[in-house]
Amino acid sequence: MDVSTIIAPLNDDQRLAVSAPMQAMLVLAGAGSGKTRVLVHRIAWHVQINHISPYHILAVTFTNKAANEMRHRIEELLNTSARSMWIGTFHGLAHRLLRQHAKQAKLPDTFQVMDSDDQLRIVKRLLKSLELDDSKWPAKQVQWFINAQKDEGIRARHMSQADDFYHRQMQRIYLAYEELCDRSGLVDFAELLLRAHELLRDNEDLLAFYRERFRQVHVDEFQDTNTIQYAWLRLLTEGNNNLFVVGDDDQSIYGWRGAKIENIFAFQKHYPEHGIVRLEQNYRSTGHILKAANVLIANNENRMGKELWTAAGEGHAIGVYAAFNEQDEAYFVVEKIRQWVRDGGLRSEVAILYRSNAQSRQFEERLMTTAVPYRVYGGLRFFERMEIKNALAYLRLSSNRDDEASFERVVNTPTRGIGAKTLDDMRILARERGVSLWRAAECMLGEKQLSARAANALQGFMNLIEAIALATDGMNLYETVKYVVEASGLIELYKKEKQDKGEARVENLEELVNAAKLFDYDSENAENLSELDMFLAHAALEAGEMQGEADQDCVQLMTLHSAKGLEFKLVFLVGMEEGLFPSQQAVDEPGRLQEERRLCYVGITRAMQQLYLTYAESRRLYGKDSYPRPSRFLREIPPEALTEIRLRANVTRPASSSPATLGSMVDQNASFRLGQAVRHEKFGEGVVLQTEGSGDQEKVQINFRNAGIKWLMLAYAKLDKA
DNA sequence: GGTAAACACCTTTTT
DNA sequence: GGTGTTTACC
């Protein structure tokens, strides 16, 4: 194969990055500049030109989706299988390492990965056993605290000795949590990373082996790495100068969950011999959209600096629509979408992006009434569903009896007469003796501590698990899952449940059996795991796409966060209001405001052809009306890139919502100023929200303290300034 | 043990 | 205001 296949499809900057000498590289890739393409071609370059075997290449991403896509594209480009190449998520690769070296990682061979839901249950149980008041120590907060520590690479025993009660208590809980996990062979997501780091750090031979094996290391979305992830990368590469990272500081939107944008700066210090390439040519959006993005993001400080440009034309100006309220906003957006479809566009080319999930409702309702198919991202994923997790818990217990999370989950599901009292005693015993619940249950049965009825029920449960383990021994994965779903009694349980929900649950269980049938067991890369254990790990690490039927032509609804990495011809960025976007919490802290601005930058740069920004002048929030001001981000976008939208052609809208005076909220021509307090003889006191028209036709919208929002014709209504 | 009423909650999310 | 979770009661 000649060089041109790899090099020809690239622009100059991309070429510079792909063909750079073997050294540490920092590629600052703006939105839509061909980031993944550079990564894929760089790896192909190593294989083809530098003759590095795929065996010696490592590529790390954040999501399974990105990992799969990268592998696919590399194989396509090289026209060969890249199976021996390690491509995966941080968590997936860490898991692989821990499986391969469970002993050295001080983990049992049967260790199981738990997702955040499992983790929360474990924490809740732990808090109960420590007899802590759960209103003072909310499980969610404890979980968050523990994960934050782990993300920073801090073990409970390493926590700085703080004097305050809060931290001492947290440390105590954290310690107990670590003990509990060790005892039950459970590993949470953050633990995967932390332990993989410790594994390499504390085992010289292993570290030497992997440093030699991974001759070139590549990282996608580097701005999203947290402390422990970066530390792990450094272990593998520092001194070898072989770390190739791609990222965009302007798209760092996960600071709140531990991502360290500073890692980009740290990289430059730790790898002094690095090269830098900026990718600034954008292949996605038109000029107006990029102009808006560039000017907006320029308001942030401490940027690496980057300015997107395009060879395409200016395109349409960005539409700004000031809606009366959130219903009107939804109405406007859906009308525009229907127009798009009438003009021959696909629904799947359209996205509605919002700051928080709660905002989706208005749009769903409007889309529903107008019969426009849509799809909302961000619901429960397949492997996170209760019925699925229950079935998996049976499988996990049969594989590892000490799995506390699974034991708790199904010991009385379906109900079999094992009550809270029995369980409490069991937990106390387990804690006293430092053993798992399963062992505690065995003890209690052996020592005849239980009433006949409870003992009977408990014995029945344990017999069931043993029977499952026995019966499925020698079965393949599909047969095993099929057997367990039946034998556990779950199918029967859900068949009895209220029609609608129960039916769906049964279907999901059948889908789980089907998933087991289709599961692609790669025995070569199985790290001597059984097919079942591989399947269980897969279920924990890859929660699976949500509902099926993704292939339908649907309008896409999602948060700004989940839109990262995607692109759409037509984009609506809705709810552009102070307090919503930027969110209230972010307004109070300057650092977070910058992250909100980056989020806005991400949103704007999703649009290829047409972008609309909308806000509502009144919005029902948490049950009461609010009158937010337009988002400051609207004002930060240059007016020449914006155009104001009027739905009804012959109505003059107040100047307050025209782009030039956004935020100024003053209309010189109107008889009443916006915000003016007024009194009406029937409706009482209120505040002017907006005005429309002039002379005889002048209308004002008023929010009355008692009578709500009303439009009034000024000529008829008797209004006094209050 | 299952249901209804009371109660707290209210960014963003992947693994 | 709407939802998910805990509590109280039958």
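Residue numbers in this text run from 1 along the chain shown.
Using N, Cα and C of the backbone, Cβ positions are placed for all residues, glycine too.
For A:Ala29 (ATP binding site), the Cβ neighbour count at a 10 Å cut-off comes to 27, with all displayed protein chains included. The ATP binding site feature in TrEMBL is assigned to A:Ala29, A:Gly30, A:Ala31, A:Gly32, A:Ser33, A:Gly34, A:Lys35, A:Thr36.
As annotated by TrEMBL, domain 'UvrD-like helicase ATP-binding' applies to A:8-286.
Among the features that TrEMBL reports, domain 'UvrD-like helicase C-terminal' is placed at A:287-565.
For the domain 'UvrD-like helicase C-terminal' (A:287-565), the model's average pLDDT works out to 90.
Apart from the site residues A:Ala29, A:Gly30, A:Ala31, A:Gly32, A:Ser33, A:Gly34, A:Lys35, A:Thr36, the chain places the Cβ of A:Arg37, A:Val38, A:Asp248, A:Leu279, A:Asn282 no farther than 8 Å from the centroid of the site's Cβ atoms, the recorded ATP location. Of all the binding-site residues listed (A:Ser33, A:Thr36), A:Ser33 sits in the most crowded Cβ setting, with the most other Cβ atoms within 10 Å. Sequence-distant neighbours of A:Gly30 (ATP binding site): residues of the same chain at least 6 apart with a C-beta under 8 Å from its C-beta are A:Asp248, A:Asp250, A:Arg278, A:Leu279, A:Glu280, A:Asn282, A:Lys306, A:Leu308, A:Thr605.
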